[in-house]
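**Student:** Got a structure for you, questions after.
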């Protein structure tokens with residue numbers, strides 16, 4: 001069964017319940033959340049996340065395998081500022097606790113940026129950080145995201161991800177989140193040779209590590225190393241390639257999460273595309289009028 005959803009908001013007083021209700025309104029059967037704003041460390045207490053009501057709503061609406069995304073401010077690749085590294089380690093630990101309490105089993109993490117020290121140095125620091133963070137008894141996996149290679153990002157190649165995983169002691173607690181936009185922007189040919197890319201991933205990392213898919217089109221040509229998401233079918237990857245990935249036999253049990261942009265000219269009144277994009281991917285039929293339909297909802 002196709003497991004598809006999108007990024008949704010967990011906020012206000014209803015928190016997890018609000019996230020599940022939003023996902024349900026999109027026709028989704030999974031979703032991804034941040035536990036708070038992705039650009040800061042302000043977080044509600046676990047008892048204020050409205051977990052019981054949220055889980056009950058999920059069960060009633062056939063929603064499962066939800067995913068948490070760690071905030072961008074975590075950078076455990078940073079060797080130049082010890083405070084940034086320590087904050088990353090501490091905050092990632094507390095995010096794993098929240099992820100576990102919510103009932104999610106995957107927390108997606110951008111591996112980090114080496115901020116000029118070089119990829120090798122950054123990767124060693126990421127390994128050090130993950131070894132500090134991981135509790136051998138935790139029931140959550142940290143899903144390292146495939147990155148576009150923007151700036152000094154680590155994790156642009158499958159080899160870099162494999163190097164991180166191999167360096168971590170309790171690496172049974174590590175998985176991978178494959179982002180279609182990032183992988184395309186990093187230079188992999190997901191458009192005309194996705195099977196080749198997947199085989200390469202399997203050889204280098206292992207397909208059994210693949211636990212989350214971010215399904216995004218890209219505003220950029222392959223190899224641009226920019227990381228700018230586009231609506232499904234309206235970018236450089238295109239609908240056919242993305243729907244092939246979404247319905248791929250080897251990936252059928254993996255949650256697929258859309259992180260495509262809201263639509264509209266008015267910055268204050270953009271509309272979420274997810275109900276329309278999910279339906280279009282389920283139907284396997286590209287709709288050229290989609291962006292207009294999203295605006296008119």
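Any Cβ shown, glycine's included, is placed from N, Cα and C.
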**Student:** Looking at Swiss-Prot, which one out of 170, 173, 182, 184 binds Zn(2+) 3 in the same site as 227, 229?
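**Tutor:** Among the candidates, Swiss-Prot records only 182 at this Zn(2+) 3 site.
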**Student:** Among 14, 110, 114, which is the one Swiss-Prot gives for the Zn(2+) 1 site where 69, 145 also bind?
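**Tutor:** So, going by the record in Swiss-Prot, that would be 110.
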**Student:** Just to verify a number: CA distance, residue 110 (Zn(2+) 1 binding site) to residue 179 (Zn(2+) 2 binding site), in angstrom, no decimals.
**Tutor:** 11
**Student:** Please state whether DSSP places residue 182 (Zn(2+) 3 binding site) in a helix, a strand or coil.
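**Tutor:** In three-state terms, residue 182 (Zn(2+) 3 binding site) counts as helix.
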**Student:** Cα-Cα, whole number of Å: residue 182 (Zn(2+) 3 binding site) versus residue 259 (Zn(2+) 2 binding site)?
**Tutor:** 12
**Student:** What is the set of residues, excluding 182, 227, 229, whose C-beta falls within 8 angstroms of the centroid of the C-beta atoms at the Zn(2+) 3 site?
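**Tutor:** Near the Zn(2+) 3 site, beyond 182, 227, 229, sit 148, 179, 181, 185, 216, 218, 226, 228.
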